[in-house]
């Protein structure tokens, strides 16, 4: 029994391991370039079977806890390894021994409490290393990075347990593009620990407290170009000149991000910055000022020289006691050399006139996402304010009148670039006043419905994108760039109004087509962006866009953003890939050809009808059918005549004086039906013919040249023809009054021609001795 249980347990373990292995393999996908992705796949270990084909391996956000020597042994060509946000607590000494080609290694946010230099010794090609967020207290007992001669980006430290920086920690590193140290809970800093690095382009330092800030500052000031301080409480910071000593500063930019500061500590920070002789740029992002702007120096403090600072950037500054804020008059003297100022999303509603007048060197001012209105802007742009200002950005404020805004800026004589986008102007007056040197104007997202002469003629760049424009007809003779995307325009602007245009961006409008002639009319155009419109892919448009090879050089978003909207069967397809059928592309020619063919068919039908009497056939058929459809007055009708005589009026003498006399005076007499005598007056002649033929036992045709030429004889012959065809009888008797060729009888009377070919007909003899026999034969034929 125990043996059986043991076997069951072993089998269960094997099955469990096989399932886990198959699950690991299923969570990893690799492409043909060796890029393998297995992030967020619930992996418990590094998948087996990895080969030298793998070049990039992403296993972030899994449950991996252990890396063995064999896991990555075959990945000799691996260049990037991402293992962030797992549960890794152990890495065997030689786990990375075969990764000589590795350039990018991310081990951040795991559970590595001890770091080993043996991990990194084989990584001679490493340029990026991230060890942030692991619970180590120090960076190991020996130097970790001394063998990483190609390292450019290094990130180390954590928020809670990293408490000590030692001199050996960064030994061997001479140049770094970026060094990020999370020393939020730093308690000990060994002097000159960071001084060993000769040059750092960008140092990011996370520190909750400022206790060790000056010591670190002394070490990095001569090697760091951009120093960024994050998440630091400087409310009680105090600068001591003795702590810095003589320094040869290399710092050009100092950034404070998510830093707390007071009026007094800001003054102390400025004293610190005064030690950086080459400082050019100062930036405050997401900072909190716990003060009211009272930056007055104490009697013991000397006046601060701002040095060479040219750029000041403030973004999302939070001032809890905003309503008590001062006028900044104590800082006026420090601003005269500043050339670029950005104060963004910081609730600025006014720049005092005196401050504006002190900003004598200011060339660029960005007050985006604030509370500026025309009345306060007028005070800010007072006489002699911002005398050197060239660019003013007032994006997303509370401006509402273009006319007032333009008039307010007239005092700025050197102003050339104005961005007042994302304000709500809605309408535009017919005329406005602007500074004389205006070259650039941004009116995007201002809800305007039309553009007028308010736009200055001196502009070289105009942005009116994302509005409600359906027409652009301004004459701007100097305009070089026009941005008018996301409007409602249905066609390209008139090129004659924009003779100098180089760049036109008109994507996502209501344009359905444009032609070669339109583009050629823009003589100087170099760049056109017209994608995202609802193009009608007509044959002309397709021919133009697909045959012009040079068009791709002008259309910067070709071909991806040029899609057909119609015809419906090509909707959504790229214009360059659409091919229309011949019938769609040559519809006019096709319709014309069909009309010509139809005309020729009708003409041919007419000729054939005329040649073969088709019209006559139809007329006779119609008359016969009409006659057949007439209701009978009696269910049956008796034969009233022995024969109906059809003859030509020119043969009337022979019929009336010879034939009638011989037949009607015979004993017993024959009763003949003659049209002159027996037709009912007032009745339709066709009806008379049909009725007479139907009431007659026989129909006698007196054939002669006159008969063939007679129209009424033709009718009588016609209806006799129909009767022969309809009733299939032999009621017709043919008399040849004079010799006549069978060809003289119209071919349309095929039945009668057949009778003449198959049956004997009577011929009027010229010899009087034979005429008695003729009458005997005729009487016999009528009686038969």
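Note: Cβ is positioned from N, Cα and C throughout, glycine not excepted.
Segment annotation: Swiss-Prot labels transmembrane segment over residues 588-608 (candidates 525-545, 546-566, 567-587, 588-608). Sequence-distant neighbours of the repeat 'LRR 15' (415-437) (same chain, 6+ residues past either end, Cβ-Cβ under 8 Å): 389-403, 405-407, 409, 443-456, 458, 463. Averaged across the repeat 'LRR 5' (151-175), pLDDT for the predicted model comes to 94.
Using a 10 Å Cβ-Cβ cutoff, residue 349 (site 'Interaction with bacterial lipopeptide') registers 15 neighbours. Counting residues 6+ beyond its ends, the repeat 'LRR 5' (151-175) has Cβ neighbours under 8 Å at 108, 126-140, 142-145, 181-194, 196-200, 206 in the same chain.
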